[in-house]
Amino acid sequence: MAPGEEEAARYVPITLTHVLYEEGDVVGFVLAWFSILPVFILVGLCTLILVRRDLQTMFFTGGLVANEGVNFILKNLIQEPRPINAMNPRPLFGKYGMPSSHAQFMGWFATYFSLFIFVKTMLSVGSLDYVWKTFCTGVAVCSSVLCCASRIYLGYHSMAQVLYGVVLGAGVAVLWFTVVQVFCEPYFSQIYQWKISELLLLKDMSRIPNYMWFEYTSVRQETKKRLRRKSS
């Protein structure tokens, strides 16, 4: 740099939602939206925490955050660069791509969600319960596959980076699910009785397999009681 010249500022984007696709490419446009599914999922989980105040949802979200921490550490240890192409010039996006954070996120989400749905919940009665569980997990898995495919199609990651991300995310999800169910859940009934839990309106819904039906019947009964009081 010549004397008197100022060094040009280097701008770094927030890459979480910075997704490019080729103009006129319909497939790329659709996959670009699937590529930002992790953002929608995190917003949805945070909303559920604010509305439900449920310990299971909090540990679900905490596991996702921990999974992202694992991904950050591995990326900086492995330091494998992203593929270089017209869609992903080196100066524009994050340097490292192994493992893919999007793939690891969706691998974790699909695995933990499936385990939680089949092991901890009851969505209906009889064979219909299995149908609903299969449908819900199928949507989660298909969405994860499309998100992972988008990272390859749009040129942000190599096939290996995505596959390793999915496998790693699934493995961390199984480990986290085991830890929560075996070591954490037995203490949920004590945690939600703490004063701070009462102040924050935290709940333990782990003992209620079909919470949607429980909530529906409880609200319906309470509404009937209040209507009767009002009319009397």
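Including glycine, each Cβ sits where the backbone N, Cα and C put it.
Per TrEMBL, the feature transmembrane segment maps to 26-51 (among others).
Summarising the annotation, TrEMBL assigns domain 'Phosphatidic acid phosphatase type 2/haloperoxidase' to 57-177.
Listed by sequence, the residues of this chain that lie at least six past the ends of the transmembrane segment (105-124) yet keep a Cβ under 8 A from its Cβ atoms are 37-38, 41, 56, 60, 63-64, 67-68, 71, 131-133, 136-137, 140-141, 143-144, 147-148, 165-170, 172-174, 176-177, 181, 206, 209-212. What TrEMBL records for 105-124 (among others) is transmembrane segment.
Under the heading transmembrane segment, TrEMBL lists 162-183 (among others).
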Within-chain partners of the transmembrane segment (162-183) [C-beta distance under 8 Å, separation at least 6 from its ends]: 56, 59, 63, 66-67, 70-71, 74, 98-112, 115-116, 119-120, 144, 148, 151-152
Composition by DSSP (helix, strand, coil) of residues within the domain 'Phosphatidic acid phosphatase type 2/haloperoxidase' (57-177): 88 helix, 4 strand, 29 coil
